[in-house]
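**Q** Before we start, here is the structure in question, set down as C-alpha cells.
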Amino acid sequence: MSNYHPHSHPHALSHPHPQQVHNQLQNPHQNQLPPPQRHNHAAPTAAASASGAPSSSASASASASILVAHPPQPLISNSLAIRQEIQRFESVHPSIYAIYELIDLLPMADAQIAQSIRDHVVCIEDSFVNSQEWTISRSVPDLRLGIVGSLNSGKSALVHRYLTGSYMQEESPEGGRFKKEVFIDGQSYLLLIRDEGGAPEMQFAGWVDAVIFVFSLENEGSFNTVYNYYTKMAHFRNGQEIPMILVGTQDAISERNPRVIDDTRARKLASDLKRCSYYETCATYGLNVERVFQDACQKILSQRLPLPPQVQPARPTTPQGNRLGLAPYQAPTNGQRGQQQLPLRMSADFAQAEQKLWSLQAASSSTINENNNITKYNPGAANSLQGDCSQVQLRDPRDLAPPPGKELPTPTSTPTTSRKSRRRSNLFIPSSSKKADKEKEPKSSELGSGRSIPIKQGYLYKRSSKSLNKEWKKKYVTLCDDGRLTYHPSLHDYMDDVHGKEIPLQYVTVKVPGQKPRGSKSIITNSALTSSLMANGQRAQNTLSDGIGCLTLAKDNQRKLSEKLSLLGAGSIAAGAGGEPLKSNSSQQTSGDEGIAMSNSNSQTFIAGEVANAGNKLEAQTPNVKKRHRRMKSSSVKANEADDNDGYEFYIVSLDSKQWHFEAANSEERDEWVAAVEQEIFKSLQSIESSKTKQATSTDLAAMLAIRQRVPGNGFCVDCGAPNPEWASLNLGVLMCIECSGVHRNLGSHISKVRSLGLDDWPSPHLSVMLAIGNSLANSVWESNTRQRVKPTSQASREDKERWVRSKYEAKEFLTPLGNGSSAHPSPSPGQQLIEAVIRADIKSIVSILANCPSEVTNANVSARDVRTPLLLACAIGNLAIAQLLIWNGANIKHTDHEGRTCLAYARAAQSLATAKSIKAAAAAQAGTTIPAPAPPTNGGIPAPQYNVEDTTALVELLEGLGCPEAAPLTASGTLPRRRDTLGTPYEKSVSGVI
C-alpha cells in the first residue's frame, strides 16, 4: 500500500488504528468526534477583510478586532465550506482502512478474490492521494463547466459525444464528473465538466464558471425544467456573472416523437436567460457538439479577461505608516469597469511596488495604436491615477520622475509614453492642407494587399445560412469589378486569400427588408409632362446617370431628386424614355400637379428630365416623396423607426432561391453597398448579354444528363421505382424521387447525404461518385437478399416506403455478408479485400465492403511493413470516385506511408503522370503519329491506371480543401533512406500485385 499522509493540515485528526475502525463499525455511535472548530482569526485573509472592511480612518487594531468579533456572511460561508471539505477529505481514510479490515475477514478460499479487491483499493487510494489539488501545477489553468437539464433532456449523450466521439442513448441519472484537455488560442486548459444529476444546488452554483442548460426539442417537460433550474440558480448566484448557453437536442426526434419546441420558443427562452447563446445539437452525428463546448470555453475566458484600471480624479490623502491600507483592484462584475477597495495590510515596499505596477499598466493601456480606437496618452490622466493610488504609497510620486534637465533616451521602436509627451519643434509642423489630404487617403490597415483594390470593401455582419443556428458573424466583404462579391472571416484571411467564399452577381438581385423592390416605388407625375417627355425623349434619356437606373430630375440646374431603380425597372425606363409610355395593368389616381413616375413594367413609366420648356417648373415634389414613403410603410410604424427595426440589413437573392443576409453599421453604409452591388449586377448583365442567345452546353448540364441517361437504373427511383428522379444521395451514389428523399433526410447525413440535381452545386468529386455507382449497381448490393419482402412501388404509402428504406440502409437487412471462405482456404480480412478492390477499381466490391464493415476498414494497411492504406492506393492510381467514397467513410487523410508520403503526395504524382500523358498525346496528334495501345495487364488481370488530368486535378483540390498535409519531411535514422522515386519504387506485393 502506498504511503498515505493526507492529514498534515492543522485541523487534521490522528490516523485511527484498523482495530479502532473495526470497533467503530460495530459501535457507530461511539467515539464520534465533532467537526473541528478551531480557526485562527488573528490574521484575517484578504477575502475575509474585503467583506467587512472598516473605514480608512479607523486604526489597524480596531479593524482587526471588529473583523474577529463579528465575521460577515461571506466569511461564515467560506468557513462552512472549508470545514465541510475537511470532513469529506478525512472521511476517505477511515473508509479505506475499513475496507482493508473487511478484506482480511474473507475466508482463505477467497484469497485470490481478496487480493484482487485489495489491488483495486490500492489503485483508488493512489488516485485519491494524487488528485488534482495535490499534484497539478498552479500554472495550469482550469475551466469549470456545469451541465444541467432534466433526465430526458439528452445532456448525458451530449457530454458523451463530446468526450468520446460516439453516441450513447442511455441517460445517466446520477450525472458525472469529467476532465478533458482543450486548446484555445494555442493555450492548453484543463476543462472540468460537471454533469449535474438533479437541480443545481448552492455548491454547484458557486463552483461553475459557465453553465449549459440542455433540453430536448421533443419534450415539453425538459423545456420547462430549464426555467425552473435557472430560477433556482438565481437564488444562489447572480446570473449576470455566469456565461450561459442554451442547447436543444434533436436526438429523440422521430416520426413517433415529433418536434414540439419550435425555434421561436427556444430563442425566446435564450433571450429570457440573458447573455445566453442558443444551439441545436444532435449527438447522433455530432451536429454543433464541439461548437457548444468551444463557445462555452471562450465565454469563460472572456469573462476572466482583466479590465484596464479606470482613472479616477485625484484625491489627496495623507500617507501613514504600516496600517490597514486600501489597495484599488479590478472587479470585473457584470461587464463594467470599476474599482473596489480591498483592505489589506501593506508594508511600504509593497505599497510602492503596487503603485508602480498600476502606473505601468495604465501607461501601457493608454499608448495603444490609434487604429484600435484607444485615445492618445494623456499626462493628466496618469497624474490622476497616481493621485488615486497615493493613499498606499509612502513616497512622493515626483521623486520617481527623472531630473528636469536630463534628456530621455530616444527609442528605436514603437513610440512610448515618454516619447509621445516630449515637446516637438514647430519648424516641421505639416501644413493643414497636407494633413487634410492625408486624412482623405484610406488607411492601409483597412485595405487588402496582394491584389488589385476592389470597388468597395469593408466589414459587414453576415447571417449564418445554417437553419439550426442562424447567428450574425462579422465578415470582411469585398465587391470586385469582375462581378463577384466575396467575404472572408477577417481581413487577414482576405489578405492571405484563404477561407473565402464568393457570390457571382450575374443571376442575383439585392433587396432591403421592409421596402418594396426599388423598381416598384413610384412618384405619381403630372400627366401634362407626358407630351413633353415624348417630344424630348432624347433629352430625357440623357438625364439617366449615377449608377444603375438612377433617375435625375434637374430643377433650375440646382435642385435634383434621384431615385434608384432596380434591374427590372431599367428596361421599362428605356422603353418609356424612347417616347412611348408603357400601359399599366392597374389604374392609378394622379393628382395632376406632380413631377415623375417610375416603376417596373406593371405600371406607367414617365421620365421628366430637364424639359425644354423652362416655364414648366414644378414646386410640389417633396409632398409626393412623403406620400410615397407612407405607401411604402402602410403600418403604424414610423418611417425613421423602420430602419432601426430592420437593423440596416440587405440581402442578396439568387435565381435558385439562395439568400445571403448582410447588415451594415448604419443606413448610409447600407445604401452605399446596395447601390454598388446593383451597379455591378447591371454590369454583369451587360457583359453576358451577348451570350444569352447561345445554347446552354456547360459541363454541369452535360454531367447531369450523363447521370440521368448513361448510368444504368438512374431513370427510376432507387427505392420505389418512380420515374424521372430529381434527388440524389451522394455517398450512396443513387437517384430517388422527392418523397423518398425526405425519408433519406430523416436517416441523417451519416447514412445518406441528400442533394438536388437541379438546385445544388455539383463539384467534380460528387459527380464522379454518381457516375461510378448508379441505381442498378447500388441495388445489387443493398438489395442482394431481400428475404422475400416486397419492394414498395411509387403508389405505396409513405409509411411503407420509410419502413423499406430504414430496413435497407439503416438496419442493413438486405445485405449479403462477406464470404469467410473455407477452413482450408480462409478468405482475406475485410481490409485486405478492400485493398484488393481498390487496386482493381472494383466499385461494386468496394460498395459491398464499406456497407458491411465499420469505418476502421478504410484505414487498413497493406501489410505490417507496407503501411499504405486504401486511400493512398486510390490516390496513387488517380481514382477520384474511390478516393471520395473512402473519405466519406472515415479514411484518414493525414496517414503517411513508410517514407512519410501522404495521399496528397500520391495525388500530385498521379496528376503529373496524367499531365505528361496528355502532353504526349497532344504532341503525337500534332505530329500525325499514333500512340501504340498499352499492353494488356499481365499481373493477375489488374487494369493499368487510366490517369486523367481533370480527375487528378480535382483529387488534388479535394485533398487540399480538406487540409491534407504535404509529404512529411524525412527524419534522421540509423540506416540510409530508400529512394524517393514517385511511383517507381518497388513496394511490397499486396494481395493482387504491385501498383
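Using the three backbone atoms N, Cα and C, a Cβ is placed for every residue, glycine included.
The GTP binding site annotation in Swiss-Prot covers 149-156, 193-197, 249-252. According to Swiss-Prot, the compositional bias 'Basic residues' annotation covers 1-14. According to Swiss-Prot, the feature compositional bias 'Low complexity' maps to 15-32, 42-56, 409-418. For 331-340, 583-599, the entry in Swiss-Prot reads compositional bias 'Polar residues'. According to Swiss-Prot, the compositional bias 'Basic and acidic residues' annotation covers 434-444. What Swiss-Prot records for 138-322 is domain 'GLD'. According to Swiss-Prot, the feature domain 'Arf-GAP' maps to 679-822, an assignment based on sequence analysis. Annotated repeat 'ANK' per Swiss-Prot: 866-898, in sequence order. What Swiss-Prot records for 717-740 is zinc finger, and it gives sequence analysis as the kind of evidence.
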**Q** With DSSP, how much of the repeat 'ANK' (866-898) is helix, how much strand and how much coil, in residues?
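**A** Tallying H, G and I as helix, E and B as strand, the rest coil: 16 helix, 0 strand, 17 coil.
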**Q** Inside 10 Å of the Cβ of ASN152 (GTP binding site), count up the other Cβ atoms and send me the figure.
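**A** Taking every protein chain into account, the count is 16.
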**Q** Which state, by DSSP, holds LYS155 (GTP binding site): helix, strand or coil?
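**A** DSSP call for LYS155 (GTP binding site): helix.
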**Q** What mean pLDDT score does the zinc finger (717-740) have in the model?
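**A** That region's mean pLDDT is 92.
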**Q** So how many other Cβ atoms are close to GLY149 (GTP binding site), meaning within 10 Å of its Cβ?
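**A** Neighbour count, Cβ to Cβ under the 10 Å cut-off: 26.
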**Q** Within a 10 Å radius around the Cβ, which one of these binding-site residues has the most neighbouring Cβ atoms: LYS155, ARG194?
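**A** The residue with the most neighbouring Cβ atoms within 10 Å is LYS155.
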**Q** How many of the residues that make up the domain 'Arf-GAP' (679-822) does DSSP mark as helix, as strand and as coil?
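**A** Its residues fall into 64 helix, 12 strand, 68 coil.
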**Q** Might you list, by sequence position, any residue in that chain lying six or more from ASP251 (GTP binding site) with a Cβ less than 8 Å away from its Cβ?
**A** GLY154, ALA157, TYR167, GLN169, SER216, CYS282, ALA283, THR284
